[in-house]
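**Student:** Okay, handing you the structure first.
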Ligand SMILES: NC(=O)C1=CN([C@@H]2O[C@H](COP(=O)(O)OP(=O)(O)OC[C@H]3O[C@@H](n4cnc5c(N)ncnc54)[C@H](OP(=O)(O)O)[C@@H]3O)[C@@H](O)[C@H]2O)C=CC1
Ligand SMILES: CC(=O)[C@@H](O)[C@H](O)COP(=O)(O)O
Ligand SMILES: [Mn+2]
């Protein structure tokens, strides 16, 4: 029987590549629900091609512009897609924070989660992973490094035998840029990722290395590892996606072409590996694979994120929300590149988490507060 997919963020980079995987394996998958933001034209094309029963658009996009059996909108629509009774697997590929509650509700209904969105797990990892464990629900990583760790961990081992995991980072377009030049780099330069074609927010995060910082927090929750056992290493070729070191000194690495269709396909077909001839790695043609430590002076985002992760509570939410506002301001030309991390640090410094256990309400409050603080700081910088 075909697996039935609900895709949150179908018009984005991951969403479109997920539909590419469906095209490649049409006998395995059926698309039953799609949610997008504002790209109504592309969503309609997807509806015409994949015939989902349920569709949703974000607030501000008129649902009447879409012709489908059922069209919803806003937060309720996104949640309806995530919890659609017919769906077996929910692909969470929206950008930003909107998928936190829909992902939790999907877990509560026993859906398998194919998780690309890292912001949800960064902000609410404790809640989402806790709920998934209690209900025996699988959260399958789509983010390339986490898919790689997941695959490395599939070698037979005891939990206590895992020494550490290492996430690779391309280093982004400014890997070799001197510190003095970083303040004046352009949006166009930041968008020119050396190895991956992705949405704009994650591309800028790769340039600051905030992406890797968010991924350290993501790894902490997905693999239940303390922060001191999660490393990062610069690897410009993006061929090795992660490595797992075991107690006996063995290091198991995952290598693949830098193409998201591979981790997406693995998350959808796990534990099977149907052929994907278009994703072959030509080992002999690789030449050199390089590795070096990240430079904390030029790329302070990495340590800032790690500290926010270690502080826990709503600090990761504040990190993520302030970063989202600062990245948007950078893209809009209202903030310099190095200003992104300055703003995030300043907002984190001012944060006072509410006492008590982490709840979705506390996350929403911290999110709104951090966005306001970040906007105020950016407006002051621009004056
Ligand atoms: N791209 C990649 O290679 C990778 C991405 N990721 C992560 O995956 C997530 C998605 O990234 P990416 O695909 O690059 O991002 P894009 O910006 O390309 O796509 C985002 C998608 O989310 C939709 N969307 C945004 N807000 C809402 C909302 N409120 N309601 C419904 N839909 C919404 C957009 O709709 P629309 O365009 O119609 O407005 C679009 O379909 C991010 O968290 C990113 O960090 C992780 C690893 C790799
Ligand atoms: C494809 C993917 O998983 C991205 O998150 C990627 O990791 C970004 O590249 P960087 O290694 O430059 O952050
Ligand atoms: Mn990644």
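From the backbone N, Cα and C atoms, a Cβ is placed for every residue, glycine too.
TrEMBL labels come from automatic prediction, so no person has curated them.
Annotation source TrEMBL lists domain '1-deoxy-D-xylulose 5-phosphate reductoisomerase N-terminal' at 5-125. Summarising the annotation, TrEMBL assigns NADPH binding site to 11, 12, 13, 14, 37, 39, 117, 119, 199. Annotation comment: TrEMBL describes 118, 144, 145, 170, 193, 206, 211, 212, 215 as 1-deoxy-D-xylulose 5-phosphate binding site. What TrEMBL lists as domain '1-deoxy-D-xylulose 5-phosphate reductoisomerase C-terminal' is 139-223. Annotation source TrEMBL lists Mn(2+) binding site at 143, 145, 215. Annotation comment: TrEMBL describes 255-372 as domain 'DXP reductoisomerase C-terminal'.
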**Student:** Taking every protein chain shown into account, which of the binding-site residues 37, 199 has the largest tally of Cβ atoms within 10 Å of its Cβ?
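**Tutor:** Per the Cβ count within 10 Å, the most buried is 37.
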**Student:** Per 10 Å Cβ neighbour count, which of the binding-site residues 118, 193 ranks highest?
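**Tutor:** Max Cβ neighbours within 10 Å, all protein chains included: 118.
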**Student:** Could you work out which of the binding-site residues (11, 13, 117, 211) has its C-beta surrounded by the smallest number of other C-beta atoms within 10 A?
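**Tutor:** It is 13 that, of the binding-site residues 11, 13, 117, 211, has the fewest other Cβ atoms within 10 Å.
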**Student:** Which of the binding-site residues listed here (37, 117, 118) have a Cα atom within 10 Å of the Cα of residue 143 (Mn(2+) binding site)?
**Tutor:** 117, 118
**Student:** If one looks at the chain holding residue 145 (1-deoxy-D-xylulose 5-phosphate binding site), which residues at least 6 apart in sequence have a CB under 8 angstroms from its CB?
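**Tutor:** Within the chain, residue 145 (1-deoxy-D-xylulose 5-phosphate binding site) has Cβ neighbours under 8 Å at 167, 168, 215, 219, 241, 242.
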**Student:** Filter the binding-site residues 37, 118, 143, 145 down to those with CB closer than 6 A to an atom of ligand 3; keep them in sequence order.
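**Tutor:** Once distances to ligand 3 are taken from each Cβ, 143, 145 fall under 6 Å.
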**Student:** For Mn(2+), what surrounds 143, 145, 215 with a Cβ no more than 8 Å from their Cβ centroid?
**Tutor:** 118, 141, 144, 146, 167, 211, 212, 218, 219, 242
**Student:** Can you check how the pLDDT averages out over the domain '1-deoxy-D-xylulose 5-phosphate reductoisomerase N-terminal' (5-125)?
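**Tutor:** Summarising the domain '1-deoxy-D-xylulose 5-phosphate reductoisomerase N-terminal' (5-125) by its mean pLDDT gives 98.
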**Student:** Whole-number Å only: compute the distance from the Cα of residue 118 (1-deoxy-D-xylulose 5-phosphate binding site) to the Cα of residue 199 (NADPH binding site).
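**Tutor:** That comes out at 13 Å between the alpha carbons.
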**Student:** For residue 143 (Mn(2+) binding site), what is the tally of other C-beta atoms lying within 10 angstroms of its C-beta?
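**Tutor:** Around residue 143 (Mn(2+) binding site), other Cβ atoms within 10 Å: 28.
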**Student:** Please check the binding-site residues 11, 143, 145, 211 against ligand 1 and give me the ones with CB under 6 A, sequence order.
**Tutor:** 11, 143
**Student:** From the binding-site residues listed here (11, 143, 199), select those whose CB sits under 6 A from an atom of ligand 2.
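**Tutor:** Near the molecule: 143.
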**Student:** Could you give the number of helix, strand and coil residues in the domain '1-deoxy-D-xylulose 5-phosphate reductoisomerase N-terminal' (5-125) as assigned by DSSP?
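**Tutor:** Helix, strand, coil within the domain '1-deoxy-D-xylulose 5-phosphate reductoisomerase N-terminal' (5-125): 52 helix, 27 strand, 42 coil.
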**Student:** Within 10 Å of the Cβ of residue 215 (1-deoxy-D-xylulose 5-phosphate binding site), how many other Cβ atoms can you find? Include all protein chains, please.
**Tutor:** 29
